[in-house]
Structures are given as C-alpha cells and as structure tokens.
Amino acid sequence: MREYKRVHFIGIGGIGMSGLARLLLRLGFDVSGSDLNASETTRMLAEEGAIVYYGHHPKQVEGAELVVYSSAVSEDNPEIKRARELGLKVVPRAQMLVEIMALHRHNLVVTGAHGKTTTTSMLASVLTKGGLSPTVVVGGKVNGFDGNAWLGEEREYLLAEADESDGSFLRMTPEHAIITNIDKEHLDFYRDFGEILEAFVRFVDQVKGKVIVCLDDPGVKKLLKRKPSAKYLTYGFEEQAFYRARVIKEGARSVFAVFENDKILGEVVVPFPGKHNILNALATVALARTLEISFKDIRKGLSDFKGVRRRFDLKGKAGDILVFDDYAHHPREIETTIAAFKKSFPKRRLVILFQPHRYTRTKALFDDFIKCFDEADVLLVTEIYPASEKPIAGITGEKLAEALARRRKGPTYFVSGEGLALARALDVLKPGDVFVTMGAGNVYRLGEKLLEELGLREREVA
C-alpha cells in the first residue's frame, strides 16, 4: 500500500467508505473523495484533511494513484471510467479494507445479517478495556469512541465489521470471526437463501481460527449441518451452546449470567434492552475469551458500552414524550426492536414511523413486513426509500401500509411526504408516548424535526 501517495474515494460520505478514508488519513496518506451531497460526515473528513468534492467529475480522480468505490457506485460512474482510462488501480471498498488489514498482525471480523454493528462496537469496548488497543472499522458511529473508525496504537489487532450484502466478505481471511446470524436478506444480490448459505460456507473455509456462531439462529443451524467444522465455537440461550446466557433481568438494561462450557463465569450488565443485545454481548464474550481477555475486563467493557448512533438511540424528550431513532429495516430486526421497546417501556404507548428501505427488499419480504408490527400501538408508514434502486411496479409504501392496516389492530397510516408525516405524528402523539423513527434511510430527520416542533409547542403553551 505504501506505493500509493493519494487515494481517492468515490462515495466518500458513506458510513463504510468514510471509515476507511479516516484510517488512511491517520496513516499519513493524502485522501480525496467525492459524494453527491454535503453531510456531517463529509464536513468532518474535510476538517481532518481530506479533499472533498461534491458531484462526480472525471477530473477529480486525476493525481490519485488508487481509486476506491462503494457498492452504491455503478461502473458507468464518470470517475471510475476516467480512472480506468488513466490506468489507475481501481478497487471496491472491501479490497481497500483487506489492504488495511494486511498492515496488522491479527484480524478479527464480525459478519451476519443482523447485529454486526452493535457486536463489533461492543467488542471494540471490551478489547480496549482488555488492553489490546485495536484498529476498528465499524458500520456506525460508536458513542464514546472516535466515530466509525480509529487507529490502534500498536497495529497488532484490527477489528472490522464485514459486509455480506454483496459477497465482499469473501475477500477476507481473518484470524477469528463471529457470524451473528444468517437470514433471507440482500436478495437484490443473492438469488435465494441457498446462495446466501453457500457464501457463508465459503467464508468459514477462509477463517484461520475460530468461527463463533449463534446456536439459537435457524440459519446458523443450517450452516452447521451444511458445513461441519472443528472451527465452530457456539453461543446462545440453548443448553448445548458452549457460551450460554441465562437472563436475570430484562428492561431498559439487561442482566444475565454467563456460562462457559456449563461453568458459570459470572454476571454481566449491558446498558441496553433486548435478548438480541444479550446475544451480541455473548458473542463478544466468546471472542474475548478466545483472545484470553479476563472476565473482569470483559464485564467492565460491556457495562461501559455506550451504544451506537441509530441503534435504540434516544434523540430527545419533549414534555413526557420520548423520541428515539433505530436503524431496524428487516422484519426480523423490526420485531426484535419493537419487543425491546415494549420491555423497556411497558406502560407507554409505542408510536412508530417506519420508512421501508429498498424496493427489492420490500418486494421480497412483503409478507414478513406485514407480520412484524403487531405490537406497535400506532404505526405510520412512509414511501419507500430507494437507496439508488429503480421503482418496482406495484411495490409502494402505500400498498404496504394498506396491507398492514388490514392485519393490525392498532391505527395504521400512510404518510406520503415529510410534511404529512410530521403533521400526522403531531396529531396522534399523546403525553407519555414513545415515538420511534425506524429504517435505514433518512427517516431520522423527521424525529429531529418533531422534537423541534414539540419544543416550539411547549414554549407556546408556557
């Protein structure tokens, strides 16, 4: 990598691309990049020394030796075309991550359909507490740390969230890996669940050491049957799991006992709700123990964990109304997240503003989406966030809302634009409610606007 002086990122404002750009800045490379729009992330990169362009233009790659592109960028992008004309090395984001991995002695990876970001972030907290000072690349902004990527002191350990959505995790050969779960997801890239499973089979072959897997997950059970291996180290609530959790208390925080091969290690407190977060923490315990980190440091690292932005993220409070944001966008994640909110706030109404993400996902999982909102007291559904996809005939937010209204007992509304969504939210909210913006698109902005509006109303009443 040292033969490259300047690296140019096409799509530099994305959560994954920006993390790698930040690492290269800290490693002493000149970094430039382009994105369609200015954002908090692009402004931060510019402040840290990157040259950031808005819009894509062929001249912007001139002077770079290496060009990195995100999965959201098509091959006919003018900057990619110009880079190839100039004979520059052009690589996808995942290959850039592999090259950064090569600068470290020990590479640790977290992958799976759900829970990757939270598990990676918990591990970062525990490994840091255990004195390993890892370089970290994660798909979210971690509270209490330096955003979504930071450089370790010794360049010994690198911990990365690995993306299975486009098969790019198959470029990696980590020392140890966690597979949180395997699910019917990213069907814009994979033909079906069978093809997803085969990708994980290949991934297991590439891991040099332990593959830590959740024994509670149906997809993982299919992997264990399809690909038996001595590499597996299991965790979960099931009795057969090598690392097992027994829940002691659920609520706004989770308390559970940890067993290692049926021997109790002790109790752990995670300051976040939900059985899914207990499983994320248990995966962290399994890998940390594999690295011989003491249980005392593990327990401290988990209890000190401050969470990730856009995961059960409290944005603010207006009067007695709590406003949260959550990234959940797959039916399984949605159902799990709603259950966590219900456990945390059993006496409050739960009002959800959901923004479906991608036409392909909405079409492939339409029937599952209809079933996953049963426990929401009030549901508002926006139009689908396209994420660069073209519309699919008959697949709309309105159609999804209509199907949900036929199934659900509570009120369900379709809100076609930001103005209507905000107006409807203000209309339905009552003192004591918990309001959640949910989805992987830009729905979080409505929560911020709602807080502003509720604040204005409070001042008017006062």
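For all residues, glycine too, the Cβ spot is worked out from N, Cα and C.
Per TrEMBL, the features are as follows:
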BINDING   GLY112, ALA113, HIS114, GLY115, LYS116, THR117, THR118  ATP binding site
DOMAIN    7-104  domain 'Mur ligase N-terminal catalytic'
DOMAIN    110-288  domain 'Mur ligase central'
DOMAIN    310-441  domain 'Mur ligase C-terminal'
TRANSMEM  7-25  transmembrane segment
Close approaches to the transmembrane segment (7-25) from elsewhere in its chain (Cβ under 8 angstroms; 6 or more beyond its ends): 31-37, 39, 41-42, 44-45, 48-50, 52, 56, 60-61, 64-70, 72-73, 77, 79-80, 83, 93, 96-97, 100, 135, 137-141, 147-151, 163
The domain 'Mur ligase central' (110-288) [mean pLDDT, rounded to integer]: 93
Sparsest Cβ surroundings (other CB atoms within 10 Å) among the binding-site residues THR117, THR118: THR117
Any further residue of that chain within 8 Å (Cβ to the Cβ centroid of GLY112, ALA113, HIS114, GLY115, LYS116, THR117, THR118) of the recorded ATP site: VAL110, THR119, THR180, ASN181, ASN280
Other CB atoms, at most 10 A from the CB of GLY115 (ATP binding site): 22
Site with most surrounding Cβ atoms, counting all protein chains shown within 10 Å, from the binding-site residues HIS114, LYS116: LYS116
Cβ neighbour count within 10 Å of GLY112 (ATP binding site): 26
Tally of residues which DSSP labels helix, strand or coil - the domain 'Mur ligase N-terminal catalytic' (7-104): 41 helix, 22 strand, 35 coil
Three-state composition of the domain 'Mur ligase C-terminal' (310-441), taking helix and strand from DSSP: 48 helix, 31 strand, 53 coil
Same-chain residues at least 6 apart in sequence whose Cβ lies under 8 Å from ALA113 (ATP binding site): GLU164, THR180, ASN181, ILE182, ASP183, GLU185, GLY219, HIS330, ARG332
